[in-house]
Amino acid sequence: MAMFTAVSDLTAGWCFFSVALLVILAFCWVYVRKYQSRRESEVISTITSIFALAIALITSALLPVDIFLVSYVKNQNGTLKDWANPNVTSQIEDTVLYAYYTLYSIILFCVFLWIPFVYFYYEEKDEDDANTCSQIKIAFKYTLGFLLVCAVLLIIGAFVPLDIPSKKNSTEWEKIKLLFEELGSSHGLAALSFSISSLTLIGMVAAITYTAYGMSALPLSLIKGTRNATYERLENTEDIEEVEQNIQRIKSKCKDGRPLPTRDRRMLQQLEDRLRTLRRRGRHLENIEKSCWSKFCGAMRPLKIVWGVFFILVALLFTVSLFLSNLDKALHSAGIDSGFIILGTNLTNPLNMLLPVLQTVFPLDYILITIIIMYFIFTSMAGIRNMGIWFFWIRLYKIRRGRTRPQALLFLCMILLLIVLHTSYMIYSLAPQYVMYGSQKYLSPSNTTVDGHVTNGTTLVPKDCDADAPAEQCTVTRTYLFLHKFWFFSVAYYFGNWAFIAVFLLGLIVSCCKGKKSVIEGEVDEDDSDLSDDEPSLYYG
């Protein structure tokens, strides 16, 4: 009977995971189609973007599955379930580990081969004299650089010694032999973990840049709303009249046939460019003013304010939890040499208390973690859309609804993929004990007391699994093994959390000081062509 119940519960869990998989694929399709340019859309870039984003979200969905499985094999009293013999538990752990192997290998394939190849392929496609064969050759040539980086990361991860030989007089052959023994015993875990940790480090930088700012920009933009389309159109009309008057004033200087001075010619060119932009703005504002979508958004304004308040409260909750977690590591960890790994929790935070409670009612913890991941995605997208894609001080691409180029879409999905990779460590920072052990308990011997006196007898009392628990009674999640394989990455993540908090607070101040955005924010820019008006927009109805 117990075995039948276990199988039914696990079947229900996998059914839920399958439904979540379909939801993720549908979300990725809608998300990519929402932002891609209809005029420059390409089938391969669209499929690549959808696949890369789906793999990132599926990898994040594996985190609660890992936690659920290590918790499910034990009862609430700390004993193993009847069906949970060592072979079964070992098989479950191996299944999760192989799932991580597969998904992380696909991520490496996407980041270092597929996405770069498709990106450079379409970069060469912009050349007029390029044919398909030359495009493939040049794209593959540039992609070889990414493959070289991947190979270097795998080799470093495979041969970096995690244990130093105890004998100081070890020969070089013994040291080399130790390296190969470690490589063979881990079955490539160290190499893969080092490569994924390196990508997670890049994801941390992207999260600090985009997610931290988006966590403040998105809620405040919902609360403030946008400017009124009618007032904006009237102001735009006045600007058009003013620019036209300036153009006529400059042109009047050459009525007698005299050429314009260089300064006036340059000024005239700038004014004509400005006039074209204002006229495009006018057309967009007129369409928005007449659209049913803008009227619907106006009716939903109170709901947007409620969502904005909710998002800013969630952002503050995350920030406070992250601050308390980092402060706990600063005060009670073993120091920088151990990667600021903390044994136990001294300063608890709200999320670390909430997740173990929700896990007792399946699938509330899944829902909460899904909300956290989706919240990171939406705030990251808000940050990327507001800032654009930059390489240091050079702006590479803009992200706009229905007008994003295929190359920019690939960049967008790669950044989101790396950010989602970093969410695993973010969730660990917010709820370390939950990520390590879930809701597992173990039996700890305790002296019995009779009438206030301690007797020689002992009883077994269930306790929550923590770092002090016996290793044979508490199973650590596979996620935790990937996160803490190399201590120096943990150090980088620790300082990255402080940077994340600082950027969030700075972005909160900047967002509070900024006024309302234009109703066509990002839809019309001076470097757009007139053909951009032919692009469909979600605002128009």
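Placed from the backbone N, Cα and C atoms, the Cβ positions cover glycine too.
Note that the coordinates shown come from a computational prediction; the quantities given were computed from them, not determined experimentally.
Copied over from TrEMBL:
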- 233-288: coiled coil (COILED)
- 12-32: transmembrane segment (TRANSMEM)
- 44-73: transmembrane segment (TRANSMEM)
- 98-122: transmembrane segment (TRANSMEM)
- 142-162: transmembrane segment (TRANSMEM)
- 189-213: transmembrane segment (TRANSMEM)
- 305-324: transmembrane segment (TRANSMEM)
- 366-396: transmembrane segment (TRANSMEM)
- 408-428: transmembrane segment (TRANSMEM)
- 486-510: transmembrane segment (TRANSMEM)
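Under 8 Å from some Cβ of the transmembrane segment (408-428) lie the Cβ atoms of residues 32, 35-36, 45-46, 48-49, 52-53, 55-57, 59-60, 63, 107, 110-111, 115, 118-119, 196, 199-200, 202-204, 206-207, 210-211, 322, 369, 372-373, 376-377, 380-381, 384, 389, 396-399, 435-436, 479-480, 482-483, 493, all in the same chain and six or more residues away from its ends. Residues 215-216, 218-223, 225, 347-352, 375, 379, 426, 429-430, 497, 500-501, 504-505 of the same chain, all 6+ positions outside the transmembrane segment (305-324), place their C-beta atoms under 8 angstroms from a C-beta of that stretch. Same-chain residues lying 6 or more positions outside the transmembrane segment (366-396) and placing a CB less than 8 Å from one of its CB atoms are 16, 20, 57, 60-61, 63-64, 68, 206-207, 209-215, 217-218, 221, 311, 314-315, 354-355, 358, 408, 411-412, 415-416, 419-420, 423, 426-427, 522. Mean pLDDT for the coiled coil (233-288) in the predicted structure: 81. Long-range contacts of the transmembrane segment (486-510) within its own chain (CB-CB distance under 8 A, at least 6 residues past either end) are made by residues 157, 160, 162, 193-194, 197, 200-201, 204-205, 207-209, 211-217, 220, 315, 319, 322-323, 325-326, 329, 336-341, 425, 429.
Nonlocal intrachain contacts for the transmembrane segment (189-213), taken as residues 6+ away from its ends with a CB within less than 8 angstroms of a stretch CB, comprise 97, 101, 104-105, 107-108, 111, 150, 153-158, 160, 162, 182-183, 376, 379-380, 383-384, 386-387, 415, 417-422, 424-426, 481-483, 485-486, 489, 492-493, 496, 499-501, 503-504, 507.
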